[in-house]
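In case it helps, TrEMBL gives these features for our protein:
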SIGNAL    1-20  signal peptide
DOMAIN    497-508  domain 'EGF-like'
TRANSMEM  521-539  transmembrane segment
TRANSMEM  546-565  transmembrane segment
TRANSMEM  581-600  transmembrane segment
TRANSMEM  607-626  transmembrane segment
TRANSMEM  632-654  transmembrane segment
TRANSMEM  666-688  transmembrane segment
TRANSMEM  694-713  transmembrane segment
Amino acid sequence: MEACFLRWLLFVALTSWTLGDDGQVTFESELSSKPAQKLSKYGWYASVRLQRFHIPEQTAIAHWLFSVKKGHSFNCGQHNVSIHLRWGAPPVINPTETVFPNATLWDPSLSLILPVTSQSYTTFNLSDPAPGDWFVAAHLPEDDGRIEQKGFPSCSYYFQPQLSVRRAADTPVLQPGTVLTQTAAPDRPARLKLFVPEFTSSLSVSVAGCSSGEASESADCSLLLRLGSASLQHSQTELNCSGVNCSVSLSNPPWDSWLRVVVESSQVNQTVTFRIGSNYTVGCKPKSVGLTADDDITKLLDKSVSNATATGTGSASAPPPLPASACVWSVPVLYEELDLLSLRYTPVNGSNVSVTETHPTLLTYPLPPQATGGTLNLQLTLNSTNATLGNNSIVACFSAWAPVLQLNHSELCRTGLFMGYAIGINVSVPKAVVRLPFPQSTTWYLTLQLLCNSSDCSNASVVSVVPEVSVSACVDDCGPYGECRLLRSYTYLYSACVCSAGWKGWGCTDGSTAQSYARQLTATMLLTLSNLFFLPAIVVATRRSYITEAFVYLFTMFFSTFYHACDQPGAAVLCIMDYDALQYCDFLGSICSIWVTILCMARLGDAAKYTLFLLGALLIAMSMQLDRKGLWNLLGPILCAILLMVTSWVYRCVRRRHCYPPSWRRWVFFLLPGALCALIGVCLYVFAETESNYYYTHSLWHILVAGCVVFLLPPEEKDRKALGWSRGFSWSWRWSWRPRVWVQLEEFKTPDEI
């Protein structure tokens, strides 16, 4: 019913759009939906539910429908769901307002807040959206730090996004040097597209012969001319045309791409006819560069590596002279894919790049779509041999879609539709770094040029610079207090940092809540040494001839100690084996300890007891492998053991015609304190543990569990010989073994336990 309602809403939206179809263009509608996903409170980027949508070329309008539904009937209060939208790459978000790493630049994405009741909807419309991949991220407010045990009822919310688009299937193409006659109305704008070839320095679109059909109004058409697509982070170029003729010019338009042209009329109930044309200028076109048929790529690679090892020791050599018609030094770049989200770009002729004052130096870096989930890194280093640079400086512009070929103090690092990243280095600041998390998939351009403070650069005519461009999974590998994790949303891979020891932020560099070394050491000592409280349980079990149970407690104490020593964040860590193996043995030993203790309290016969010991251990080991943190993996063995114990006790009560255990001292001084310790420990484990108090609440859980074993473990049976056992274990560490004595059933009598 809910899915039908959502589709009905989108159908209504599509129908309303169809009413305004333009007769010059045929429109088609497409609908895409993603399955509902359970939302999480924001702790780090893995808490975000990321979805990817594709918007086709020439889409007139995109309509998103976001729905959030509660997955239960609990009263959890009202929560706000944060929804982030970005074009080209996943949104970079900062809900906790942490500090980003140095030199890390990012553009804020569109954010929506959706208050959640039982079921909530919100919509978002975008006209003329940029084609390509769009990413939607959703999450709940910041995590409060409470540790929720898996399997217990909790508040759950499910998020489902849907997208419907209306695209123009036969958009007219505006060829350079040709003129088209178009019409526009207030509800039917004229839509065209034009192709911008590579090396285009400027683009102009002109409107002429505007007429509305009324003689009195033919001199004022009131047209709105728009170039480009809406991408939320970047605006379109707009021009209000109030006369018969008008034109708009765009410097440094995006290379090798289709550009959208939309002309709207603001005259009410009138159709405007006009002529439209376009032209572009190639102001700076480099000569043919790159590899030829005779080049050997292995030799070029070896040359690049050898030059990279000599960085800082070589001298800047002047590049070959440019032809008179050339205006830019174009340096070919070698592209290497090293691993998942790991790319490296190296200049073919070596890592040192010559930069001059007369012409800019251009390097091109194509970024594939699979690299948008990582971090694009740029580092510019001034060669140490440039002692003649003086007070002059080298400026650089790192831009996407198109390069900026005019670098000076007055020009901004900006193309026609997108803002670039300006960088500068000199003798006092010989190195500059820029990090761009989740970069867009396009061609990136790096332009370098020498700027002189005086009219003459004197001896600094050629300067050597080392540009290092690469793609890494995380920013600076998350530093010493974080770990870089590879995440997946269906077929899309991306990465994020998970921080430890109280550090937080995109690169785990925000130390406002960082734990001191003393705090880390205290947490490690408490969580490990608290397991020594199992020693009294081991001693009591050994004194009472429960040797098997004693070894189970020893196993639990050992692996719980070293698991928590390995599980700690920060510097106070000790791992004697693989972390997953330690965790498995800790969980297995903990549940087996509870299992054998309760079965021991049941006072079963040796054959039945040890058979259940082995059977339970095998089943627990299997369930731990399936889901070691599941609720029923803990409750299942406990409930089964309690059921067996209660059945055995009831049987003894009926047979003896009095309560079992018969002694009130056993109830008051042992069973009730043990049950109270177990109850308090379970309550702490389930309801009280948080990220901040974990080290002492979980330590208290260790103490209470070990203490309840001491209280609940039954006393030694009076007649072990009748059951086929000797005294078993002496404190002089000598085993006393006696062959099993078989007796007739009529001679067997159950001893009275205390």
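Each residue's number is its place along the chain shown, starting with 1.
Backbone N, Cα and C define each Cβ position, glycine as well.
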So if I exclude everything within five residues of the ends of the transmembrane segment (607-626), which remaining residues of that chain have a CB under 8 angstroms from its CBs? That is, six or more out.
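For the transmembrane segment (607-626), the list is 548, 584, 587-588, 591-592, 595-596, 599-600, 633, 636-637, 640-641, 644.
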Is the number of Cβ-Cβ pairs under 8 Å between the transmembrane segment (581-600) and the transmembrane segment (694-713) three or more, considering only pairs separated by 6 or more positions?
yes
Report yes or no: does the transmembrane segment (521-539) come within contact of the transmembrane segment (632-654), defined as 3 or more CB pairs under 8 Å with a sequence separation of 6 or more?
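Touching, no - the transmembrane segment (521-539) and the transmembrane segment (632-654) miss the threshold of 3 or more Cβ pairs under 8 Å.
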Let me spell it out: take the transmembrane segment (694-713), skip the flanking residues so only those 6+ beyond its ends count, and list any with a Cβ under 8 Å from a Cβ in it.
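For the transmembrane segment (694-713), the list is 147, 522-523, 526-527, 530-531, 533-534, 536-537, 540-541, 544, 546, 549, 553, 560, 564, 590, 593-594, 597-598, 600-601, 670-671, 673-675, 677-678, 680-681, 684-685, 688.
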From the DSSP assignment alone, can you count helix, strand and coil residues within the domain 'EGF-like' (497-508)?
0 helix, 4 strand, 8 coil
Grab the pLDDT values for the domain 'EGF-like' (497-508) and give me their mean, rounded.
91
